[in-house]
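Notes to accompany the following structure.
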Amino acid sequence: MQPSRNFDDLKFSSIHRRILLWGSGGPFLDGYVLVMIGVALEQLTPALKLDADWIGLLGAGTLAGLFVGTSLFGYISDKVGRRKMFLIDIIAIGVISVATMFVSSPVELLVMRVLIGIVIGADYPIATSMITEFSSTRQRAFSISFIAAMWYVGATCADLVGYWLYDVEGGWRWMLGSAAIPCLLILIGRFELPESPRWLLRKGRVKECEEMMIKLFGEPVAFDEEQPQQTRFRDLFNRRHFPFVLFVAAIWTCQVIPMFAIYTFGPQIVGLLGLGVGKNAALGNVVISLFFMLGCIPPMLWLNTAGRRPLLIGSFAMMTLALAVLGLIPDMGIWLVVMAFAVYAFFSGGPGNLQWLYPNELFPTDIRASAVGVIMSLSRIGTIVSTWALPIFINNYGISNTMLMGAGISLFGLLISVAFAPETRGMSLAQTSNMTIRGQRMG
């Protein structure tokens, strides 16, 4: 039976919705787990006798785990398939979360944080590749933007659960173990999901892919063909692909480091709302997360109307302006601080969404998950450095100069975007993965 429709012509169906919902469970858990440790520290610090060094190690341990997980398991997913790893890593997150409830020393907690960082990091390249490869050209931007928003949903849920458990004796154990509940729900949802059709095709399992398409959509479905050559992990570092690795890692870093800087205004904003102390600080964090989550929503629509390149350039320009205002007017009133913070948070959604969308579009199926993993690992270097260096910089140079530094980094992101950001709107994965950094197509 000859295919009557192309995959990109299929309507958004129940299988697309299920893959999007359960696939975005990984970013949800990342936001949940990373934020929950901050809420739990109020009880953890006296319970395990943590000092400042241990608190710093716990944060660094999770980031180090993410670094390992993203870089290693993206490669493994490209080799063994999306679905198998899709299930294994979510089981591991749940098991480690439960095990964390029984730690009795800082060393044990550190080991658990490194391990959970590894398995959460593993899910990112797997899930984003799965969702991308199951999305049509029209759906792709919305789907990847949804992933970015789910991080903030997870962070918000963590603050709400932490608020609820704040007064419970030994509540920190339940806080850290509570991630097992969404893990179970996500595992149940993922269990019935199929393998990525594009991955099957690239592995020569054509008949299996055809049978799966008939089962899911009731008819054979055609795919735009990617270039037939075999792509290997080391090809990420060749002349064609490595410029894209550096480009996406750069815009990711230029978005993340200033975001950490502007978060220093968080206490002022939540203090204005009377939510800055003790238990209420968890509710204050919800406000901050909502600022950034709202910024992820407009790009879901604009990426397919305005396009990738204009949205990235415009967003970095507005983010630079907001940071510059905060740096150049040090004694501005609190409501102007809130306004500048809101402008930054709103426009950060553009780069925030594109740092997930671009690597999934610009690399072929054979190395897509590997590319996401390597790029995310490189971006984590910036995260680790900013986490360590930002408090020192603020202490030595003040908040105004810190904001100007952030504006400079954001400006660098703007210049890189003007020079190199490609436009992939309306193009199939076969077309986008065949581009060069100059916008030309190979073959």
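Glycine is no exception: its Cβ is also placed from the backbone N, Cα and C atoms.
Since this is a predicted model, take the numbers as computed values, not measurements.
For reference, Swiss-Prot has these:
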type: TOPO_DOM; residues: 1-18; note: topological domain 'Cytoplasmic'
type: TRANSMEM; residues: 19-39; note: transmembrane segment
type: TOPO_DOM; residues: 40-53; note: topological domain 'Periplasmic'
type: TRANSMEM; residues: 54-74; note: transmembrane segment
type: TOPO_DOM; residues: 75-84; note: topological domain 'Cytoplasmic'
type: TRANSMEM; residues: 85-105; note: transmembrane segment
type: TOPO_DOM; residues: 106-113; note: topological domain 'Periplasmic'
type: TRANSMEM; residues: 114-134; note: transmembrane segment
type: TOPO_DOM; residues: 135-145; note: topological domain 'Cytoplasmic'
type: TRANSMEM; residues: 146-166; note: transmembrane segment
type: TOPO_DOM; residues: 167-173; note: topological domain 'Periplasmic'
type: TRANSMEM; residues: 174-194; note: transmembrane segment
type: TOPO_DOM; residues: 195-241; note: topological domain 'Cytoplasmic'
type: TRANSMEM; residues: 242-262; note: transmembrane segment
type: TOPO_DOM; residues: 263-282; note: topological domain 'Periplasmic'
type: TRANSMEM; residues: 283-303; note: transmembrane segment
type: TOPO_DOM; residues: 304-309; note: topological domain 'Cytoplasmic'
type: TRANSMEM; residues: 310-329; note: transmembrane segment
type: TOPO_DOM; residues: 330-334; note: topological domain 'Periplasmic'
type: TRANSMEM; residues: 335-357; note: transmembrane segment
type: TOPO_DOM; residues: 358-373; note: topological domain 'Cytoplasmic'
type: TRANSMEM; residues: 374-394; note: transmembrane segment
type: TOPO_DOM; residues: 395-401; note: topological domain 'Periplasmic'
type: TRANSMEM; residues: 402-422; note: transmembrane segment
type: TOPO_DOM; residues: 423-443; note: topological domain 'Cytoplasmic'
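The stretches the transmembrane segment (146-166) and the transmembrane segment (374-394) do not meet in space: the count of Cβ pairs below 8 angstroms, excluding pairs fewer than 6 apart in sequence, stays at fewer than three. For the transmembrane segment (174-194), the partner stretch with the most Cβ pairs below 8 Å, chosen from 85-105, 242-262, 310-329, 402-422, is 85-105. Outside the topological domain 'Cytoplasmic' (304-309), and at least 6 residues removed from its termini, the chain residues within Cβ reach (under 8 Å) are 138, 141-142, 354, 357-358, 417, 421-426. Among the stretches 19-39, 54-74, 374-394, 402-422, the one making the largest number of Cβ pairs under 8 Å with the transmembrane segment (283-303) is 19-39.
If you look at the topological domain 'Periplasmic' (167-173), the same-chain residues 6 or more away from its ends with a CB under 8 A from one of its CBs are 40, 42-44, 47, 100-102, 279. Here the listed stretches are 54-74, 310-329, 335-357, 374-394, and the one with the most C-beta pairs under 8 angstroms to the transmembrane segment (242-262) is 374-394. Using a cut-off of 8 Å between Cβ atoms, the transmembrane segment (374-394) and the transmembrane segment (54-74) share at least three residue pairs, counting only pairs 6 or more apart in sequence. Per-stretch counts of Cβ pairs under 8 Å to the transmembrane segment (54-74) identify 19-39 as the leading one among 19-39, 310-329, 402-422. Residue counts for the topological domain 'Periplasmic' (106-113) under DSSP (helix as H, G, I; strand as E, B; rest coil) come to 8 helix, 0 strand, 0 coil. Residues of the same chain lying 6 or more positions beyond the ends of the topological domain 'Periplasmic' (395-401) and with a Cβ under 8 Å from any Cβ of it are 264, 326-328, 330. Proximity of distant same-chain residues to the topological domain 'Periplasmic' (106-113), defined by a Cβ-Cβ separation under 8 Å and at least 6 residues beyond the stretch ends, is recorded for 37, 44, 48-50, 54, 57-58, 61-62, 65, 96, 99-100.
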